[in-house]
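What follows is a short report on a single structure.
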Amino acid sequence: MVSLSSFELLLVVTGLFVLVSGAVVVYVSSEDTPTGPHLLLVVSLLVGLTTVLGAGALHLEGEQIEYSVDACAGNQTGTPFSELSPEGREVFRSALQADGAYTTRSHPAEFELQSDVSRTNEIQYESQCYELTARERDRFGVLSVLVSAAGGGLAVLLALGSLFGYERARRRDSARADEGGADSESCPNCGLTLVVGVEECQRCGWSRDGGDTRGSEQSNE
């Protein structure tokens, strides 16, 4: 399991908000361009992917087990310390020596987690019985939910913005066709509706005299 430092977690969250800023810039700068909806869709996918990775990393890093040890009540007997796994012995010793609860990501299979019903693990150690309680903790649970909600909501908004952009472009082309009426034709290169008499397509650069002028200029360069 990959362990992330606090600095790396900060980078994950910061990266998400950098993408948010980039999405706003892309939307503002390309709203009226033919490629605007495409760019919004790409940024939406990037934000969604970053949100999933960031929320997942926060959840994995924050998932920990809290152990506490108390003396057994009465003359109980538990699992002999020698029968525990090496990992279990290490966790028990650390919890026994800790001043309060001992928190770690280690979860030996022989220790049951406490849920709605109180569960303890009785362990016989140096002729004494101890009750070890294990509780699951999530340090970044709230932050993970916030990142998921913010990033997911932004990804949806960007995707909707992309759809609106496509619809806006379709209506614009339809309006141009209505204005042209019978005196309109389609660009042979990209299909944009052109009014008869227009010499150059504003979308792809095709011209009546020289074909695709933008492609010609790029090839000459």
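Just so it is clear, glycine is given a Cβ too, placed from its N, Cα and C backbone atoms.
For reference, TrEMBL has these:
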DOMAIN    67-133  domain 'DUF7979'
TRANSMEM  6-27  transmembrane segment
TRANSMEM  39-60  transmembrane segment
TRANSMEM  140-166  transmembrane segment
For the domain 'DUF7979' (67-133), residues assigned helix / strand / coil by DSSP: 15 helix, 22 strand, 30 coil
Per-residue pLDDT averaged over the domain 'DUF7979' (67-133), given as an integer: 84
